[in-house]
Amino acid sequence: MPTDNDLKTSIVELLRDLDALLVAHFYQKDEIVELAHYTGDSLELAKIASQSDKNLIVFCGVHFMGESVKALAFNKQVIMPKLSCCSMARMIDSHYYDRSVHLLKEYGVKEFYPITYINSNAEVKAKVAKDDGVVCTSRNASKIFNHALKQNKKIFFLPDKCLGENLALENGLKSAILGINSPEEIKNADVVCYNGFCSVHQLFKLEDIEFYRQKYPDILIAVHPECEPSVVSNADFSGSTSQIIEFVEKLSPHQKVAIGTESHLVNRLKAKRNHQNTFILSSTLAFCPTMNETTLKDLFEVLKAYKNHRAYNAIELKDEVARLAKLALTKMMELS
């Protein structure tokens, strides 16, 4: 059995031989992040990979991320060591999007402006594009939301109800959740949210904030906007993974901070600063199971197979789906 160091050496050699670009999301395992040419959040990696001069992109993340790169750069080869699917992205597909639109119309919502969080598959992004909507990420969500408000239509935000509710609260707007609230509440809401969520960020609770504030009165709380509204509204800072990193790295090493996002990222931040002053905002192990499926062995095997002309786990999209998804993604990039 090859050791981890053997695998790392082989992976570096294969990447060089294949002239490939390796990108990894912040939530990937440390040994994967260590080898990546670039690490980042969804928006950063989509831009970097699609604009790279490399023809072969190796994406360590979850499936919708690979799809986004393929849609933006259709002629590139995009492969993934694991075709892991984000649990939130699994909560909606094109069929459920159509059903949601049907419900909105049944409830008397004649016009709406759809925003899909990037955590959705390419077919959903294509549906949103056909309805003249746009994609957003947690980093640019406020800018995209402000653009949507100028359309003077009810906003349909999918699939993450928490991010949608948090954006509504940020703008003093009334929100309702499709499938939870009554037809009358849906009709009267400014923002209608699909009933999806992140299984990791649901672990962070208001009680966790209260615990840390009681124990350390001067502590700062930084969370991801996929957390529940009660958590976000009581935090000192809310932002994307990149924004959380930027926020924490600017703090004095003496400043205590509790962070509400995936544990691998928090542990890396702890290693960079005074670990005794850096905490994860949960007593539960908050790691993303699908983000952590990718191993060094998976990465080595997918590269070796590609070199031997036995490629697998290649991202494929229908031409029309890719074209429409690209429209929604490009619109997002132009607005942000």
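Glycine too: its Cβ is placed from the backbone N, Cα and C atoms.
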Identity of the iminosuccinate-site residue among SER100, SER138, SER263 (reference: HIS25, SER42, TYR117, ILE118, ASN119, HIS224, PRO225, GLU226, THR241, source: Swiss-Prot): SER138
Cβ within 8 Å of the mean position of the Cβ atoms of CYS86, CYS198, CYS288: remaining residues of the chain near [4Fe-4S] cluster: TYR27, VAL62, SER87, MET88, ASN119, SER199, VAL200, HIS201, GLU262, THR290, MET291
DSSP three-state assignment (helix, strand or coil) for ASN119 (iminosuccinate binding site): coil
Length of the line joining the Cα atoms of CYS86 ([4Fe-4S] cluster binding site) and GLU226 (iminosuccinate binding site), in Å: 13
C-alpha spacing of HIS25 (iminosuccinate binding site) relative to CYS288 ([4Fe-4S] cluster binding site), in angstrom: 12
Distance from CYS198 ([4Fe-4S] cluster binding site) back to HIS224 (iminosuccinate binding site), taken between C-alpha atoms, in Å: 11
Fewest other Cβ within 10 angstroms of its own Cβ, chosen from the binding-site residues HIS25, CYS288: CYS288
Proximal but sequence-remote residues of the same chain as CYS198 ([4Fe-4S] cluster binding site) (Cβ under 8 Å, at least 6 apart): SER87, MET88, ASN119, ASP160, CYS162, HIS224, GLU226
